[in-house]
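**Student:** Handing you this structure, nothing more for now.
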Amino acid sequence: MKKYIFFFLFSFINFFFVYDVTCTKEVTSTNDDPLTPLNRFDKYYLRMFKKVPRLQQNGSNIINGVNMKNTVIVLYFFAKWCQACTMQSTEMDKLQKYYGKRIYLLKVDLDKNESLARKFSVKSLPTIILLKNKTMLARKDHFVSSNDLIALIKKHL
């Protein structure tokens, strides 16, 4: 009997102290939000292949131009005060050196482009979004090594 009690107690303590248990506030979704309720088991899922908002600089199209068709575009949201972003920036430089002109890397400073970050629902930094043909292919809301990014981009080239 003592063995069963010990096992149950050990399992209970192990669950709360070994596994990362987080609490999140339930948020209602809107049509612009990429997170939508899926079913009663999965609270949210990322709706992939979502059309992206129009990006412009000084009145000219950056992404929606004809020359960007079938080009993989990497949006990298960062901030100068973010320590993980400084590590991610070196990985993004490696990515740019590896692919050269085969991809289009667009670095977006969060402090200067808050409205754009809201359009893409950026909640954490660094955030990396892969786009192709005005469609979101993948999204990473954390640090990602250059090797993982290279493998992810190879799938879509």
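Cβ atoms are placed via backbone N, Cα and C, with glycine included.
Quick paste of what Swiss-Prot says about this protein:
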ACT_SITE  Cys82  active site, nucleophile
ACT_SITE  Cys85  active site, nucleophile
DISULFID  Cys82-Cys85  disulfide bond
DOMAIN    46-157  domain 'Thioredoxin'
SIGNAL    1-23  signal peptide
**Student:** Which has the fewest other Cβ atoms within 10 Å: Cys82, Cys85, the active-site residues listed?
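**Tutor:** So among Cys82, Cys85, the active-site residues given, the one with the fewest Cβ atoms within 10 Å is Cys82.
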**Student:** Calculate the per-residue pLDDT averaged over the domain 'Thioredoxin' (46-157) and state the result as an integer.
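**Tutor:** Per the prediction, mean pLDDT sits at 83 for the domain 'Thioredoxin' (46-157).
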